[in-house]
Amino acid sequence: MADPSLHHETQPLKQIAVDYTPEACDHCPAANSIALTFDHRGGARWRTTSRFRYGTFSALIQCPGGNTSGLNFNLYLSSLEGDKSQDEIDFEFLGKDKTIVQTNYYTTGTGNREQIHDLGFDCSDGFHEYVIKWDKEYIEWVIDGKLVRRVERKEGEDFPDKPMFLYASVWDASDIDNARWTGPYVGCDAPYVCLYKDIHVPVRTALECSSDS
């Protein structure tokens, strides 16, 4: 069995898949950077090409500037986006207020574990580091080296266990909860570009790689 500590060793992200609107996703592997654009085409979503079971995931993110009301930009883990029984761990930026971020996690499709955190800065003003540490016994959300939330596994309660992809997207979420979640979409400052760089994912063992085949 692989040493569990290996899951927290990281390496730069080298390859991605784009789930939709690939022309709105600019990936530069040499610079380890990705730019997602939201405009008249809608948004875009990228993900890793492999799933991971536990580990540390991180990126420097600069969110879009201007009036971003209605938009959701994010960094998250999911066993499979769109699967009603998915496990998921989230950082979500809500376009109506760029001084906060929402964390949440899902087990077998059930979430409702949202928490809102004051950032102490405008997430569009520059790059900041966002880290998800996912272990068999705990989840930690870290921003610029500061722990903002920790959840520990409790006996008898569900906890994310399914292997997950790392995802990121920019999309119009204004139809959720009658625009109360992210605000009404305005779009006066489109195009909106969310920048990701220095993206790191866990080092995968040979055994984990062979399980994909």
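A Cβ is built for glycine as well, from the same backbone N, Cα and C atoms used for every other residue.
Keep in mind that this is a model prediction, so the values were computed, not measured.
Taken straight from TrEMBL:
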type: ACT_SITE; residues: Glu88; note: active site, nucleophile
type: ACT_SITE; residues: Glu92; note: active site, proton donor
type: DOMAIN; residues: 4-194; note: domain 'GH16'
Using a Cβ-Cβ cut-off under 8 angstroms and a sequence gap of six or more, which residues of the chain neighbour the residue listed as 'active site, proton donor'? Asn72, Phe73, Asn74, Tyr76, Val101, Gln102, Thr103, Asn104
State the mean pLDDT for the domain 'GH16' (4-194). 95
